[in-house]
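Record features, source TrEMBL:
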- A:2-305: domain 'FAD/NAD(P)-binding' (DOMAIN)
- A:322-386: domain 'NADH-rubredoxin oxidoreductase C-terminal' (DOMAIN)
- A:427-476: domain 'BFD-like [2Fe-2S]-binding' (DOMAIN)
- A:562-624: domain 'Nitrite/Sulfite reductase ferredoxin-like' (DOMAIN)
- A:634-772: domain 'Nitrite/sulphite reductase 4Fe-4S' (DOMAIN)
- A:Cys643, A:Cys649, A:Cys683, A:Cys687: [4Fe-4S] cluster binding site (BINDING)
- A:Cys687: siroheme binding site (BINDING)
Amino acid sequence: MKKVIVVGNGMVGYKFCEKLAAHPQRDQFEITVFGEEPRPAYDRVHLSEYFSLKSSDPLLLAPRAWYEENRIELRTSELVSEIDTSIKRIVTHKNNSFQYDYLILATGSSPFVPPLEGVSKTGVFIYRTIEDLEAIEEYAKKLQSQGKYKAAILGGGLLGLEAANATKELGMETSVIEFAPRLMPRQLDQQASDLLIKKIESLGIHVYLGKNSKEIIGSPEITGIDFHDGSSLDVDMLVISAGIRPRDELAIKAGLLTGTRGGIEVNRKMETSDPSIFAIGEVALYNNGIYGLVAPGYEMAGVAVDQITGGEKLMSPTIDMSTKLKLVGTEVASFGDPFLENENAIAIRYENKQKGIYKRINISPDGSKLLGGILVGDASDYNNLFQLYINEIKLPEDAEDLILGARGGDGKSSFGSALDLPDSAQICSCESVSKGDICGSLTSGTCSSLKDVIGLTKASSCCGGCKPMVTELVNETLKSMGQEVKETICEHFEYSRQELYDLVKIHRIPTYNDALDQLGKGHGCEICKPVMASIFASIFMETANRQVGIQDSNDRFLANIQRNGTYSVVPRVPGGEITPEKLVVLGQVAKKYDLYTKITGGQRIDLFGAQLHELPLIWKELIEAGFESGHAYGKSLRTVKSCVGSTWCRYGMHDSVSFAIQIEERYKGLRSPHKLKGGVSGCIRECAEARGKDFGIIAVEGGWNLYVCGNGGANPKHAVLLASQLDDETCIKYLDRFLMFYIRTAAPLMRTAPWLDKLDGGLDYLKKVVVEDSLGIAEELENEMEELVNKFTCEWKEAIESPEMMKRFKHFINTDDSNEELVFVPMREQKMPKPW
Amino acid sequence: MVTMEEYFNTYQSVDPQNVLHWVRVGEVSDFPENAGGCIKYKSKQVAVFHFERTNTWYACQNLCPHKLEMVLSRGMTGDAAGIPKVSCPLHKKSFSLEDGTNLNGEEYRIATYPVKIDNGNVYIGFAD
Ligand code: SRM
Ligand SMILES: Cc1cc2nc3c(=O)[nH]c(=O)nc-3n(C[C@H](O)[C@H](O)[C@H](O)COP(=O)(O)OP(=O)(O)OC[C@H]3O[C@@H](n4cnc5c(N)ncnc54)[C@H](O)[C@@H]3O)c2cc1C
Ligand code: SF4
Ligand code: FES
């Protein structure tokens, strides 16, 4: 047995263990890992999520039990303090010593703290470990309780911006101080930085560029920073993020060769100057560089494992430093050489200041190769561009299409299919998985689904950035193997939503239980139950009161559950038009039940903090005043927003409010694969933001233009024109057809925009079906919709009128007590749940 | 409000052989089918689930260990590869109703309690 000692249980040290543990020759090694930190290795890349997770468990790369199961001795809170290379032995700070045959140094790096006067003052932090974050959070809370709110980050690089975002989220007024004349100086050019600054400042973070810090002042707590230009900045806390310093102190003491600016020298085998010692991760100096990213570290871990098990794998000759910024409310990415512009490279730039988008690609003079680039504001093409760059794929004729999109043509993407990539194309750089690995695992029969492939290759299991491409590759490969890629909804039903919709309709299956008996198996789950509930509702217009147990938990109680288990109440306010009388009722009810009250982004009013047993009481009063359920909890029609339109507005062309109300009244209660939103604007100024909705109607000369398949949310899409200059009646007819077609065919939880993206034939096909009736189903769709519209009942009214249904709204079955564990805290003049 | 520590002390699984009291919490018809309801015993809130298809009953703490909210009885029930489970209404973390383990591979777990049906009445077994 050979003894392997790993010094450092960080991301790369862990990866080394994981790879060795899975190696066929695993049994020839005895593995011991030392970690200075108190917990097992965790995901430092997602460190900032610690603030929202409030627990480090989800960040762990593997629980302690994993090390035990894999017979790896894990010694946390133990620092290796000495290496004696002559007798192959290490000593720890607890004075324990251990022999090794192979020593793996994965000690990572520590934040570089510039030698400024005052850096050791209270309130100055670094940003690297969970303990750092805990200290920052605690200090921020303390400051806030004293009415102090000013935080600054020293360093405007990738990490600095991440830290800035974090202190801002902690409620601090945050500034970023950067020495260079631009942000992210290693990744962005001036133009990109300028745009990014605008974005960041709009988020409330101030940016100071070209600032050379002189001294940190205050005693003993920091109160400010003085700069060399004579200016100064008041701050109550400072986070230093000015680069990294490899932790090579052990190696230096042991006499291993290190670089003048730090880092342990390694060759392509990851060997240090002592052949039984390897260095991997952020401490390794490879090709004269230190690489502060996980992907190269993981590759190094793989090389080291291969080397000690007798393999011949070498580190790639060049290291790719492409990166995407996480977490600052705007997309930023750079790849390859972002700055290249000389006789060997031409830069193509696109800038749209209005939308805050900047894209730059650097291509070879003959236009055949992509050498690098920058994306700000919209990095959705990052994966595709990165593939073209990293695999040196020949570019299309018009390289500018890559950032502008193909214009005028068939609307097809300029990137082609993922299947066109060469087998060697690296798809997942964190786990270095190639296209060949992914497709090969399917064609060889080892894997037969996306889940198998991820399990086997680990592709997309780290940062997840490549998931869309992995999914596409798996689906396309399965298709090319003649296998139908069946999108079954879950383990209980081997059917897609569309198939289930048809089966329920054709066989008139009356209940979920019957569906399980006839089409599925087991008890069902939280995925198939709501899908089936939606199907029953769309076919029979049944309310959520009929099959209560299969409703998503919000629909079951006809309200949205909030952080503390209380509910919100959102009555329908069609088109956003409300009488003063009704407004008064809302105010009175909110006051009576002590509800937090807010205007929503959907032009209506939300009352928060109602307990389960209060819901029917509240709704009874609202219904008596003429309100109805707003279905804010359902995958169903939410709101149809309106602008004031021609009745009052001097530019209005038609009466948008009346039309919005008419449409909201028509489709209210309609359940669908995902939620549905609409908007009606009185002219092209578009104050109702109708094109940000699943259907948007805009008044134009001669009628209404009907746009479909837009949304706001995580992935905003503008709706596209389906038909123009329609009269009221035709507009509604087309809407009936469009909505019913979507309800019949979309996958679960798929909004209209991704549905259109996936629809074979795209917008042209949709136009044919809806406008030209190419499938001959238009009348059927209209009739189905008409039937649903006629069957509408307010499910809240239904619930409060039935004593049996009312039983549902009780916190306890065996007593009338209410839930005493609820705690609210005051907020401005209202209240909120006690924070998590 | 429950602190982490109190919660660990309050909610501990009870094995059928260790039951000291079988507490009657209602009639079968008081509980929804294929869904949950919540009952109170001393200071505990316990979620009770009736899996009508196999006529089996389960009970577990109402407190979700993820964010310590009293909500599990309002989660959706179902099974994962045959294991009966409940999925929290707040963030959909799923727990086995047989042994309380988290089915998403995380370390949280919940306490479970035995349920007995006798003559149309529902009893939960407690050890305190
Ligand atoms: C209350 C409200 C925020 C507010 O205080 O203004 C809100 C609150 C929630 N939104 Fe929203 N959204 C609200 C307007 C919006 C809007 C604005 C709009 O409708 O014009 C959007 C962007 C437009 C859009 O949907 O395209 C919006 C995009 C989302 C999304 C992202 C959808 C997407 O396709 O990416 C989600 C997540 C989802 O549905 O999966 C979401 C989900 C949610 C949930 C349901 C999250 C949850 O599960 O708890 C929140 C429910 C809170 C509650 O109990 O009411 N909410 N949400 C707004 C209610 C409007 C209403 O009157 O019904
Ligand atoms: C906030 C943040 C965000 C990041 N975001 C990204 C990103 O988006 N993408 C990306 O690719 N990278 C990112 N990184 C960088 C990434 O986390 C590092 O590249 C990676 O963690 C390096 O792994 P490592 O194992 O070399 O070092 P570490 O993960 O730092 O592990 C080294 C470990 O060794 C321990 N150690 C050191 N000396 C000793 C000793 N003598 N004895 C015992 N133990 C010792 C240390 O305590 C530490 O736990 C980010 C880093 C941070 C801090
Ligand atoms: S954006 Fe919507 S889902 Fe997100 S916190 Fe606000 S209300 Fe909740
Ligand atoms: S509180 Fe239950 S899953 Fe988050």
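Just so it is clear, glycine is given a Cβ too, placed from its N, Cα and C backbone atoms.
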Among A:Cys643, A:Cys649, A:Cys683, A:Cys687, the most crowded of the binding-site residues [Cβ within 10 Å]:
A:Cys643
At an 8 Å Cβ cut-off, counting only pairs 6 or more apart in sequence, do the domain 'Nitrite/Sulfite reductase ferredoxin-like' (A:562-624) and the domain 'Nitrite/sulphite reductase 4Fe-4S' (A:634-772) clear the bar of 3 or more pairs?
yes
In three-state DSSP terms, the structure that A:Cys643 ([4Fe-4S] cluster binding site) belongs to:
coil
Coarse DSSP state, helix versus strand versus coil, of A:Cys649 ([4Fe-4S] cluster binding site):
coil
Secondary structure composition of the domain 'Nitrite/Sulfite reductase ferredoxin-like' (A:562-624) [DSSP: H/G/I, E/B, coil]:
29 helix, 14 strand, 20 coil
Summarise the domain 'NADH-rubredoxin oxidoreductase C-terminal' (A:322-386) as counts of helix, strand and coil residues per DSSP.
5 helix, 30 strand, 30 coil
Would you list, in sequence order, the residues of this chain other than A:Cys643, A:Cys649, A:Cys683, A:Cys687 that have their CB within 8 A of the centroid of the site's CB atoms, where the site is the one recorded for [4Fe-4S] cluster?
A:Val644, A:Gly645, A:Tyr651, A:Gly652, A:Ser656, A:Ser681, A:Gly682, A:Arg685, A:Glu686, A:Ala688
Could you check which of the binding-site residues A:Cys643, A:Cys649, A:Cys683, A:Cys687 have their CB within less than 6 A of ligand 2?
none
